[in-house]
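Participant: Sharing the record's features from TrEMBL:
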COMPBIAS  131-144  compositional bias 'Basic and acidic residues'
COMPBIAS  151-160  compositional bias 'Polar residues'
DOMAIN    39-71  domain 'SWIM-type'
REGION    126-160  region 'Disordered'
């Protein structure tokens, strides 16, 4: 991800705003119908308005371009949990085998099954709980109109 974004960063245009805060705006290159978007990057806060840096912990193409403009290594801005040492420390502890259930301490509580939490539904696909909006209404209306037109054409075919 870092390398692909690094290659994409070459196509962006950076405008510096504050050297102290290391902030800038980045305009992406037009590619067909896409591009020419402006993103705000604040290196000191490690954030970009596109949200990818915060989501993945890796500087996006906009942030990498701004890092280059301020002579900062973009690789140093990657979150620590991607570091090899952090990965090794995660699995450096020893895992102990689990004893037989006969040796477990008795819990001081009782597990009670609550059937209201998960109800058994009829077989098949679960019904959606999403609230439909105007976009769904248009699709449903278009589908109904298409079905009605097919129905009308089949009726006309049967008329002598």
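Placement of Cβ uses the backbone N, Cα and C atoms for every residue, glycine included.
TrEMBL annotations: computationally assigned, not manually curated.
Keep in mind that this is a model prediction, so the values were computed, not measured.
Tell me about the setting of these features in this model.
Facilitator: Here the domain 'SWIM-type' (39-71) has Cβ contacts under 8 Å with residues 1-2, 5-6, 8-10, 12, 14, 16, 19, 21-26, 28, 77-79, 81-82 of the same chain, all six or more residues outside its ends.
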Participant: To what whole number does the mean pLDDT across the domain 'SWIM-type' (39-71) round?
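Facilitator: Summing pLDDT over the domain 'SWIM-type' (39-71) and dividing by its length gives 90.
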